[in-house]
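Asker: In case it helps, TrEMBL gives these features for our protein:
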- C75: active site, proton donor (ACT_SITE)
- C211: active site, proton acceptor (ACT_SITE)
- N13, Q46, N66, G76, N77, N150, N183, E201, R202, G212, T213: substrate binding site (BINDING)
- F265: site 'Important for dimerization' (SITE)
Amino acid sequence: MLIYFSKLQGLGNDFMIIDFINQYFLLNKKLINYLSNRNLGVGFDQLLLVEKHNNQKFDFFYRIFNANGIEVENCGNGARCLAKFLFEKRLTKKKIIHVETYGGHLILYINNNNLISVNMGTPLFKGFKKIKTNISKFKVLNLFIVSIGNPHAILIISNINTIPINILGNFIENNLFITEKTNVGFMQIITPSLIKLRVFERGVGGETKACGTGACAAVSMGIKLGYLNRNKSIKVILTGGKLKINWLGGLSNPLYMSGYVKQVFDGSIYLNLTNYSY
């Protein structure tokens, strides 16, 4: 079967996007693992699927799979890339698009010059959680837990350039919770309106160049704890570039994320689907 797809990236966080409205095939972990392989397949951080929605409140249903084949609840940078895909592939003429994920309702805003904004909904704070490690200089970590439709553990660091992010991230991802894995954000506060952030994403196997929900989690935590301004845009410097996050600080106030996206290429790949069945 010939599969048509598009490859897009937001700040180096890259996605394979497939229109599941006009083509359909059975997906499983084995197939997603193959497609995510940067040497043998297409290569991506996450696979995104666009589906019809049976509720008129929403324009589309948006599904997200990590490179390890596990379906997850939300992806902010993916949502920004999805908006560009939907508009440029003429799946919609709207510049304000309502989508639903397993993590909730997102509103996508298409601005000019590839700038996309997303209403990410409201953050859910779950307080601090301590974890002991066997890693030198990081024996006890005090992590702040935030959900942006998906779980994030945030650690404030004085210098994010010197931390062993993959060692720490892997330990926290797999040991913080019993029932699920978590994304891990390492935040350095530069000023009340500027932070640096590195994110170890669950299911990807390491640090990614950017993470939209991670940026939202870090900023909302900083505002809630009084470290960051709630009346200004907060600039987040990630490995792959910059995002702007706005949140007024109330539990009924939604988070807004803005940043640029780029289409990398359109492609097709032939798959003998019987090779990827269990």
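Including glycine, each Cβ sits where the backbone N, Cα and C put it.
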Asker: Tell me, in order along the sequence, which recorded positions from N13, N66, C75, F265 have their CA within 10 Å of C211 (active site, proton acceptor).
Answerer: N13, C75
Asker: List nothing but the largest Cα to Cα distance in Å, as a whole number, among the residues N13, Q46, N66, G76, N77, N150, N183, E201, R202, G212, T213 that the record says bind substrate.
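Answerer: Taking every pair of listed residues, the largest Cα separation comes to 17 Å.
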Asker: Taking the Cβ of R202 (substrate binding site) as the centre, how many other Cβ atoms fall within a 10 Å radius?
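Answerer: 24, counting other Cβ atoms within 10 Å of R202 (substrate binding site).
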Asker: Quiz question: given the binding-site residues N13, N66, N183, which has the greatest number of C-beta atoms lying within 10 angstroms of its own C-beta?
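Answerer: Of the binding-site residues N13, N66, N183, the highest Cβ count within 10 Å belongs to N13.
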Asker: If you measure N13 (substrate binding site) to the residue listed as 'active site, proton donor' at Cα, how many Å is it?
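Answerer: Approximately 10 Å lies between the Cα of N13 (substrate binding site) and that of the residue listed as 'active site, proton donor'.
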Asker: If you measure from the Cα of F265 (site 'Important for dimerization'), which of the recorded positions N66, C75, N77, N183, T213 is the nearest?
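Answerer: Of all the candidates listed, N77 is nearest in space.
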Asker: Around the recorded substrate site, report the further residues of that chain (criterion: Cβ within 8 Å of the mean position of the Cβ atoms of N13, Q46, N66, G76, N77, N150, N183, E201, R202, G212, T213; site residues excluded), sequence-ordered.
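Answerer: Neighbours within 8 Å of the Cβ centroid, excluding N13, Q46, N66, G76, N77, N150, N183, E201, R202, G212, T213: D45, I64, V72, N74, C75, G78, V199, V204, T208, C211, G214.
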